[in-house]
Amino acid sequence: MEEANQSVVSEFIFRGLCDSREFQKFLLLPFSALYLMTVLGNLFVVLLIIADSHLHSPMYFLLANLSFVDFCLSSVTTPKLTTDFLKDNKTISFGGCMSQILCVHVFAGGEMVLLVTMAYDRYVAICKPLHYSSIMNRQKCIWLVLTSWIIGFVHATSQLAMILYLPFCGPRIVDSFFCDIPLVIKLACMDTHTLRLLINADSAVLATTCFILLLISYTYILVTVCLHSKDGASKALSTCTSHITVVVLFFVPCIFIYLWPPSISWVDKFLAVFYTVITPLLNPAIYTLRNKEIKNAIKRLTS
């Protein structure tokens, strides 16, 4: 009985994105290129904002932190994914699996809160422009970013604590390319129905709270500007389109993965790729392509 209560699985095996060995080799180059672009794109945004004094404002301070979080989130899963394309036996140690779960939820939870902080920054800038510099001062910005990291860490540790000591003694094949709770918990040698409900509730509280705050913020921005400007709607949308796009790209996969998990394997994998590989790549592109100040900073840097 004592042995039955212990985790006897020392490693897990990833099934990967597909079963075809040839197709996996074909995917190696595209995913390596995607990760390289993600790293270069996000780190470039961070370094550009640090180097250019014209970008030393709350909005760009938050954007630099978002780019850093995206770089970290992608780095937890994508390097392992690309190297596994060359392997027949895609294994990860039990400790490595738990570490992946912890890191993914730290960065994803932190990013949710950071997106809310960015929405709050835009709300103050558009709805209370005369008080912007006093409300969004440097000290407050630092505390808001620290809060996002703390909430992300508390969320991740609470999730990990619920699965860390589960008995894993039977199947050890994870039908994905990285360890995540909805898939790993299926491998536990016990009935996890109640535990799944608790884990989903934990994720739902954070995701739903953040999403509602984002919805309220951007709705209030749009309504406020419409009341004070003839073409307020277009101006508000022009200002916030980048933020709203990033919010949609980030939250939609999260909703399907954690709050409304699909039962189709390829859908799970597509959403996981989108959430951990594609979105961190798109975020710097979305902000830089639509941002005149970033473009001007690039020109100053290259001139």
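Glycine is treated like the rest: Cβ placed from N, Cα and C.
The annotation domain 'G-protein coupled receptors family 1 profile' is assigned in TrEMBL to 41-287. Here the domain 'G-protein coupled receptors family 1 profile' (41-287) has a mean pLDDT of 86 out of 100.
As annotated by TrEMBL, transmembrane segment applies to 27-51 (among others). Long-range contacts of the transmembrane segment (27-51) within the same chain: residues 17-18, 60-61, 63-64, 67-68, 70-71, 74-75, 78-79, 81-82, 85-86, 277-278, 280-281, 283-285, 287-288, 294, 297-298, 301, each at least 6 residues beyond the stretch ends and with a Cβ under 8 Å from a Cβ of the stretch.
As annotated by TrEMBL, transmembrane segment applies to 58-78 (among others). Using a Cβ-Cβ cut-off under 8 Å and counting only residues 6 or more beyond its ends in the same chain, the transmembrane segment (58-78) has close neighbours at 31, 34-35, 38-39, 41-43, 45-46, 49-50, 100, 103-104, 107-108, 110-111, 114-115, 117-118, 121-122, 125, 136, 138, 141, 144-145, 148, 177-178, 246, 276-277, 279-281, 283-284, 287, 293.
Summarising the annotation, TrEMBL assigns transmembrane segment to 98-120 (among others).
For the transmembrane segment (141-168), the residues of the chain that approach it from at least six positions outside its boundaries are 4-9, 58, 61-62, 65, 94, 98, 101-114, 117, 120, 181, 184-185, 187-190, 192, 195, 198-199, 202-203, 206, judged by C-beta separation under 8 angstroms. As annotated by TrEMBL, transmembrane segment applies to 141-168 (among others).
The transmembrane segment annotation in TrEMBL covers 204-228 (among others).
The annotation transmembrane segment is assigned in TrEMBL to 240-260 (among others). Sequence-distant contacts of the transmembrane segment (240-260) (same chain, at least 6 residues past either end, Cβ-Cβ under 8 Å): 66, 108, 111-112, 115, 118-119, 122, 180-182, 200, 203-204, 207-208, 210-211, 214, 218, 221-222, 267-268, 271-272, 274-275, 278-279, 282-283, 286-287, 290-291.
What TrEMBL records for 272-290 (among others) is transmembrane segment.
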Same-chain residue ranges lying at least 6 outside the transmembrane segment (272-290) that approach it to Cβ under 8 Å: 17, 31, 34-35, 37-38, 41-42, 44-45, 63, 66-67, 70-71, 73-74, 76-78, 81, 104, 108, 176-178, 180, 241-242, 245-246, 249-250, 253-254, 257, 298
